[in-house]
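Chemist: There's a structure below that I have some questions on.
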């Protein structure tokens, strides 16, 4: 008996898969293995009981037999959900509530509450994720400064807050308020000189090592799922996969804490991806409060999509961009109702964050841009070049990072994650400290690079030679020649660029929370600023060149280097993630005007095209593939000419499909079939001869029904006949009482003919979210295609190893 | 023989349907009947030849027999398309190009061009629709002013342009430049006095009548499809319906011209909806340049979705809002690739319009808002009240307008469209002239209502009593007591509100281009401004009331009446159209800041909830239903418990399904079947006894194949046996040569079992875009469900007349 490959022992394959790794390394290091005791996981996810628990609840079981579909969630860990079924279960629930609501006022109020629960969940998600984002921002700010020094008046103040509260200095003189003391000053009294420098250097590295050690240890001990950016896993979960505990309370707590530590340690990583994970954990947490969402995996995923939008909203202060990110990049099933609710959640989150005001400027992000100087058509050339750079960086990053992660997965390197994190932190800190552009936090760096040089700007990057005769207003400064500070800054930026490019490749994917939006943007912003200053100086010194003649008169403000930084950041982010609309909208929300949409779009489009030329997948898809998640991408076009008959099981030469007949099988036979195979379900046919399909029965339902009948129903014994027809078969009176199982039979299994092109089959699997589909020819059952078979076939067609896809 | 209800005589049903109307009225008055000679229509749509033309092209036909699917478009007018089939045809095309591209460099370049054609189409659509929008804006501006007077220096200047070019006046003194003369001044030399007023009044009404007469006559003679807003029809077309000529060149030209006339005539209508129609016409025009789009109805609809986004983009100067409008409101099938391209088209259109600069302020719309004064939590109460007003207005408008349109359709009123338009124009002009707020164009009115009163503002609405001791800067003016001008303005606004509310109900749906965004916004803006001034004056005079105490100190600028107008406009627009995200985003793009998103969202949500309580459908859905278009709304939830068996044809008691058997039928039999029935296709079964389904054959393919075989293939005569099996049946040598038709047989027809819940069937029809679906039980063919059956069943379930849905 061969067949349906709907395996039901969930852990088996995964266990096998990770056996190799497990031999190499302690269990906690496998990011994707549930580490907590089963009880905790069940509580965290809050959906389904284990089968044994259900068997004990006998009332539950009788209900179950009365209903055509069991009402409890029937998905095991690492299984994929059946969207159609979830949807029809929700409609049933809704129908029941609507009909009940006419009975009494209390039921009517309950139905109203049910209708409102979606909005309540969104409100709660918005509030909590906004608050968490604010707390994370404040904590990161404080701890990043802690590496350099401490505030004497109140140690919990960051450098900026410390100098704000001190009345003795002006705002501009940020670095020199007496309340803030560098470690060397505090410990030895010296602020200048080699000794003080070495001491500060040493303490900077030590603090960084301490933070990252704490982060990796917390992840290791409490929540292995808290590592990484989380977006690939969330994409997979939203597409209908179950990973228990990935969005649990522990993960939420530990990810929030370790994210602060990881960012503060100065590693080349950002908080944006992990914030999406944190927001999705909030979504899961609140959806478990309402049975509408906790009992339906499909509805739960609607909430998670909205939560992802809220996460991006607080990460970039871009509510609309967040919704589009969720729509474009993360979500799988995104009905219009969800769009509206996501928008609500994203707005609430943004306003919560704004009322916390972590940056003290009533902006949601540190790198909000306020200038509105115009740009010129000729500048499109450098913008497009930045786009090319972004695409190349995207390709380099994805290839390098995937190669390194594969190495980590397959070699002894993976055994020592703490050591790896400490080593990378050490190298990062040692290399970062001497360069002022890498020493500060990456967000601050991006903020400075995005800025335009005003007249009062005191930073090195704005060290231009001012015309002493200048009579113009201060906010309209013409292009000026660069001073020595700018040239120093250029060198330092170039070094920072090389450093960021390489260290980021090794950082992303370590066993700590790590996002790559900020590092990618930093790479692009540095490159963009360098190009911008170069163009600006060329335009200043060579007004008469043909390329500048038409648009840049002497004394005009032609070139805004900050805009180049912004364009570069968009290009690099686009190259890595392959975002399109959401990227432009996020950037648009950062600038709040339509002025710069054309430069940003030109760079984003170029970057995507260049990167796509080297490989279609973005970093998230690459990680999904690396980890073998069963993700059926909506964006991939399936263009091969194979037919359903080429994909279905059993193949030619394999034993026939394990089927049940509608009558004539005994309880014993069925139990033997269940015992001998591990398929998730069995087709039911009229008879073995005609092979005409009448339905599909789930393994789980079959097991429960037989067990319950043996316990509760008199006369059901091993040689009782099982029948799926409407009427009991005609049997001699001497035979034991037959067992009717029509109620657990799904009478509308999805079928396609063997001649259906796989292209159509893939489309059906995607759009309807099927788990399996039966294949027939002229009404005869021929075989079965599961989601796994589809994914394997697609991998095969793309010349990848089909065995790399792991799921049950 | 009963059956499949896939009718193939396209005009019959429609002809019947309109027969009644035709008897009442001349043919041109039926907005939805193609009026042009068939040749012109075919050229306009550019897709398919008529069957007779195909039959003449014999080479074509032989190709056709060699291929499993004919490559020419096979949809008749008023038919619905098969999305799955269109998609697989496009994949075939793509596969062919990809495999060819490896053959030679020329083919490679051709494949690149093919890949780029999508972007080229988008660029062209953006350029043309931006240009048209600019031209329309300029023309409307000029013609609206022409009703009042003329520019002496150049008659083609509008009032504003005329006074700009004149050097004698300052910009503020707009009304009093000597170059611009009112008609009375030009004709009699008087500007003041009763005579001049009456003369101006008379000429205003005459110009209005002239413009509207011209508009309705042009629509009548050249392009009946140019009437109305077009959005309901575009929604239906995008969902997969074919209406030939609706997006043709004539419609484009006439709609553009008549739109200018209709708006200039001063009727209570806007240009926004018709601009979407115009942009879609551009989309259709340019898609016919590329065979990729012109030969595939599915791909063509991707272009049209993007064009709709470009249309809204230029209508509101909101590219992101336009894309979301297309996604939320208009489109049916919206893959992510289309999202990105729509965005590109919307941006190109917006920038084209901006470079035309029709309003002389480098803004895309007249009512762009520039203030950023804060709002207070307590103000949410009036905002929510405005939301309630918006919801009530939406309900009133939809009910009133639909009732009036139904009356027009069913009574003698519909016979006299010119008279109707002239009467409404006359009433509008006579009532509008005396009130300064209705005399000017509605966009200008909205612009004034949205504005905040600066210190230099001279309009009546800003006639506040200034504090002579005021020392503050001019741009931060505290709340002031209202002067007599404000009170006069309030009365006039109240009258304008009542006037607009009633006249708009009768205007929308007349046989001229008419949008309802602007009138709806005007109603809301008037109501909002009135509420805003009331709150402002209350807050000024009663600082000590508890509700104002906490947030409004004396001398502060607490209330911005312009913001109330904006919130009111959003609420009313939301109530009528039930837009959500796109509405808020459009408003967000008008203000360019996140400040007012919360008030706007509060109003939009309230308005939607209030309006939904009275009826779920927006004005577009209501018009779709009124006209009986076959539109399967994605937003409607189907929650009834019916099964496929309840919906399929044949019903109980009806004759059995018209089927073909895989062998044993003669050519004569098939021809008789084709002649006797008018179904679009026939299922093919193994034999009449077993009824096991093997495939589905299209009527059109069958007709063509038999005709061609009789002409070309020797030995095929009336009693030749037709067979669909792979091998010819064993026949005695004396029999005539059999005819093999397996090539035209679709071997993968879509099937469901009779027990499938209709909820699932509806979902499948929606998501896969099917035309029909076969129903089986245990492999036996039982019946067929077509899209029409689904729509009829849904109408029945909602207690509507199922026969109102018209399509073939």
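Every residue, even glycine, has its Cβ placed from backbone N, Cα and C.
The structure displayed is predicted, hence computed values, not measured ones.
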Chemist: Could you tell me which of the ranges A:116-136, A:137-157, A:158-178 is annotated in TrEMBL as transmembrane segment?
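Modeler: My reading of TrEMBL: the transmembrane segment range is A:116-136.
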Chemist: Which stretch does TrEMBL mark as transmembrane segment, out of A:468-488, A:489-509, A:594-614?
Modeler: A:489-509
Chemist: For the feature transmembrane segment as recorded in TrEMBL, pick the matching range from A:277-302, A:329-354, A:537-562, A:563-588.
Modeler: A:563-588
Chemist: Which is it, of A:238-260, A:376-398, A:445-467, that TrEMBL names as transmembrane segment?
Modeler: A:376-398
Chemist: Which one of A:516-535, A:616-635, A:636-655 shows up in TrEMBL as transmembrane segment?
Modeler: A:516-535
Chemist: Between the transmembrane segment (A:303-327) and the transmembrane segment (A:489-509), are there three or more C-beta pairs closer than 8 Å, counting only pairs 6 or more apart along the chain?
Modeler: no
Chemist: Please identify the stretch among A:116-136, A:418-437, A:489-509, A:516-535 with the greatest number of Cβ pairs below 8 Å relative to the transmembrane segment (A:201-226).
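Modeler: Out of the listed stretches, A:418-437 contacts the transmembrane segment (A:201-226) most.
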Chemist: Six or more residues beyond either end and a Cβ under 8 Å away: which residues meet both conditions relative to the transmembrane segment (A:489-509)?
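Modeler: For the transmembrane segment (A:489-509), the sequence-distant neighbours (Cβ-Cβ under 8 Å, at least 6 residues beyond its ends) are 228-229, 267-269, 393, 396-397, 400-401, 404-405, 408, 424, 427-428, 431-432, 435-438, 445, 460-461, 463, 516, 519-520, 522-523, 526-527, 529-530, 533, 619, 623.
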Chemist: Between the transmembrane segment (A:376-398) and the transmembrane segment (A:516-535), are there three or more CB pairs that fall under 8 A, provided the residues in each pair are separated by 6 or more in sequence?
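Modeler: Yes, the stretches contact each other.
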Chemist: Restricting to the domain 'CBS' (A:745-803), report the mean pLDDT as a whole number.
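Modeler: That stretch averages a pLDDT of 87.
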Chemist: May I have the DSSP-based helix, strand and coil counts for the residues of the domain 'CBS' (A:648-712)?
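Modeler: Helix/strand/coil tally for the domain 'CBS' (A:648-712): 24 helix, 19 strand, 22 coil.
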